[in-house]
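Going by Swiss-Prot, these are the annotated features:
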| type | residues | note |
| --- | --- | --- |
| BINDING | 82, 86 | Mg(2+) 1 binding site |
| BINDING | 86 | Mg(2+) 2 binding site |
| BINDING | 184 | substrate binding site |
| BINDING | 230, 234, 238 | Mg(2+) 3 binding site |
| MOTIF | 82-86 | motif 'D(D/E)XX(D/E) motif' |
| MOTIF | 230-238 | motif 'NSE motif' |
| MOTIF | 309-316 | motif 'WxxxxxRY motif' |
């Protein structure tokens with residue numbers, strides 16, 4: 001039976017990435033570190049932790065143990081940081097304060113200068129985790145240029161993605177679709193994840209390659225594919241948590257749910273076709289070489305890893321979600 005959200009129609013033209021053979025070792029290391037920091041003490045947080053560790057093993061299938069540990073910890077940090085805005089256990093003032101402190105950390109690469117008095121322990125613990133990630137990035141990155149881009153893309157994610165997305169949630173009306181996509185793409189932290197993949201692969205691509213228009217567009221597509229697909233996978237979960245800021249909900253302002261879903265899936269698949277066309281264009285150009293191949297493969301693995309995780313994790317398990325939702329009419333026609 002096909003999935004009601006038609007996730008089987010979201011297509012990626014690459015083989016499923018195999019799970020990294022260092023998964024078990026890295027999981028053990030991460031569980032110990034998070035226990036040391038006092039993170040992931042609740043059952044739902046442990047479930048999230050285990051899911052993201054699995055996702056990391058698919059995003060970085062060829063990484064060594066230390067590289068996989070770094071890449072997975074960064075993805076975990078992104079999920080934890082996003083929870084500061086999403087979870088009710090953090091107050092509005094706390095989320096703003098946490099964002100400012102984290103921005104300061106990315107700009108200075110040091111702990112925040114302000115005291116932690118009055119902050120939730122979860123925020124303090126998250127800052128300690130980020131400092132561990134900084135140290136690992138410095139040890140693994142192939143040169144200061146890559147580290148600088150890593151910090152800059154993370155800062156960009158917060159200022160132009162996470163904070164504006166949080167503001168959307170407090171608006172009386174949903175944003176326009178184009179406005180939403182521009183912010184949501186950055187909120188997905190795709191650019192930062194791609195630089196993370198560079199660090200994992202020990203790459204140091206020159207600036208003219210990083211800024212080549214086709215490559216810039218491929219990075220953007222990677223981010224767009226991930227977040228628009230996620231808006232499909234997470235649709236029911238967001239309904240349960242009364243979060244209407246989702247591309248499908250915005251499309252449903254003018255279309256039926258099924259038509260909105262069709263448009264969303266078609267858009268995601270069109271982006272992937274564009275990605276492949278750009279890749280083929282680069283392959284036929286004088287720019288193509290092994291490091292660029294590895295770099296692009298990192299983007300493909302990021303999209304595929306997110307897909308594998310989204311279609312298997314309990315977070316988006318449709319049967320479980322429908323079991324707890326009070327709304328039996330899951331597919332309203334408008």
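A Cβ is built for glycine as well, from the same backbone N, Cα and C atoms used for every other residue.
Structure with Swiss-Prot features highlighted.
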residue: 82; record: Mg(2+) 1 binding site; DSSP class: helix
residue: 184; record: substrate binding site; DSSP class: helix
residue: 230; record: Mg(2+) 3 binding site; DSSP class: helix
residue: 238; record: Mg(2+) 3 binding site; DSSP class: helix
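If you average pLDDT over the motif 'D(D/E)XX(D/E) motif' (82-86) in this model, you get 77. Between the CA atoms of residue 230 (Mg(2+) 3 binding site) and residue 82 (Mg(2+) 1 binding site) there is a gap of 14 Å. Distance noted between the C-alpha atoms of residue 82 (Mg(2+) 1 binding site) and the residue listed as 'substrate binding site' is 12 Å. When the alpha carbons of residue 184 (substrate binding site) and residue 234 (Mg(2+) 3 binding site) are compared, the span between them is 14 angstrom.
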